[in-house]
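Here's the structure we're looking at; comments come further down.
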Amino acid sequence: MTEVKLDFQKQGGLIPAIILDHTSKEVIMLAYLNEEAYQLTRTSGQMWYWSRSRQELWHKGATSGHYQTVKKITADCDQDTLLIEVDQLGAACHTGSKSCFFHIIWDEEDSKTD
């Protein structure tokens, strides 16, 4: 395991985190962590985020029961973005969807002509 120095200052004290379902490898969320949320995530084994809209720490699942248990945390080459694999209990999205990414804007079928 490699110890990295995450760069929280590059983006105003926050690091974006791409959240993957550990089993399916599907992207289920994009959220942000500040240093405190990162430390809470590391020590608790559950996901903690920084809510940009509410300006407060957010323990994923504390209200909904849809907890995320951390399986793996990887930093990108610049050490300013995280890729986090989780076991998702219930829906990841506040809409009740498994993933927050369900609005298909374009796919290869859109570019095919008859």
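One-based numbering along the chain as shown.
A Cβ is built for glycine as well, from the same backbone N, Cα and C atoms used for every other residue.
So that you can see what the record holds, here are the features copied from Swiss-Prot:
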| type | residues | note |
| --- | --- | --- |
| BINDING | D76, D78, D80 | Mg(2+) binding site |
| BINDING | C77, C93, C100 | Zn(2+) binding site |
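C77 (Zn(2+) binding site): 6 other CB atoms within 10 A of its CB, across all protein chains. Of the recorded residues, D80 (Mg(2+) binding site) and C93 (Zn(2+) binding site) place their C-alpha atoms 24 Å from one another. Comparing local CB density within 10 A for the binding-site residues D78, D80, the maximum falls on D80. Cβ neighbour count for D76 (Mg(2+) binding site) (all protein chains, 10 Å cutoff from its Cβ): 13. A coil conformation is recorded for C77 (Zn(2+) binding site) in the three-state DSSP classification, outside any helix or strand. Within the set of binding-site residues (C93, C100), the lowest number of other Cβ atoms found within 10 Å of a Cβ is recorded at C93. In the three-state DSSP assignment, the secondary structure recorded for C93 (Zn(2+) binding site) is coil.
C100 (Zn(2+) binding site) and D78 (Mg(2+) binding site) are 25 Å apart (CA-CA, integer value).
Taking the mean position of the Cβ atoms of D76, D78, D80 as the Mg(2+) site, the remaining residues of that chain whose Cβ falls within 8 Å of it are D7, K10, A75, C77, Q79, T81.
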